[in-house]
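Below is one structure, written out as structure tokens; the observations come after it.
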Amino acid sequence: MLKITFLLFTIIALCLAADPLTLVKKDYVTHTGYYYGIPVELHVFNIITGLTKPPSHIRSNRIYVFIPPSGGYKVQKNLIDFIPGDNGYSDLWHVNVVTGRKSGDPPVKSVSDLLKLERDNCVKIKPIKLFVNIPIVGSGSTLKNPLDAAAKTVYYRGQIVNCFDFGPTENLDVTAPLVHVLDNKENVVLALPSTIPGEKDFSAWWNIFNVSPPYFHNITTILGEIKQYERFFSGININCPIVSVGGKPVRGDPKWEEKLCKRG
């Protein structure tokens, strides 16, 4: 029997309150799935539960990126208003460009302060057609392979919080299906994503469907060969960025902020 460790629920640490000090330090390891027989490695981050039907789009929140008007280095750390524990938190962020600040200005550390500056015509805020996958994590958290995503910090309501920047999403805020093959005790023995980075329908936000074949010991790793079994939506959507396909690393653009700044 294929024994694949994909412990969806045991590796998640949910916070009871939106307090950066309650964010748990974790060492994030990768988990193995199969895309039509090809092994893929993926991380597991934020889970959304209690869904009645699979969403076609996932919620996003704003991330504010401060850039100089004429190109150059980023003015300050990015700014957010949600962390795990806040109602409506999501690892998906819609980029909003902020201009009007310059290096040497006191940093803007809260969204409320930023919006006041906007009302006073001191800054301009412009949403752009760019979404990024940036899970917020506890201080000191690590990735098994640090090259999978850049470890960064951002401002949140006057405090600094940690995050992993997996870069821009390929398809904005859309979702994709991923199948969990269950054994007769409802343990996950196989994870089968329906798409991979580079495919036109790829998304790291997976709607989880469960399949319980009678002969799970000999189940195939090819998604199309289990189509005869009924799939049940689990009520879960989860952020699982794929970081390797067939042993080859796949990563988001680590220079997306730098490119925004150069554009000015």
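A Cβ is built for glycine as well, from the same backbone N, Cα and C atoms used for every other residue.
Record features, source TrEMBL:
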DOMAIN    59-174  domain 'DUF7482'
SIGNAL    1-17  signal peptide
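Confidence across the domain 'DUF7482' (59-174), taken as the mean pLDDT and rounded to a whole number, stands at 95. According to DSSP, the domain 'DUF7482' (59-174) comprises 12 helix, 46 strand, 58 coil.
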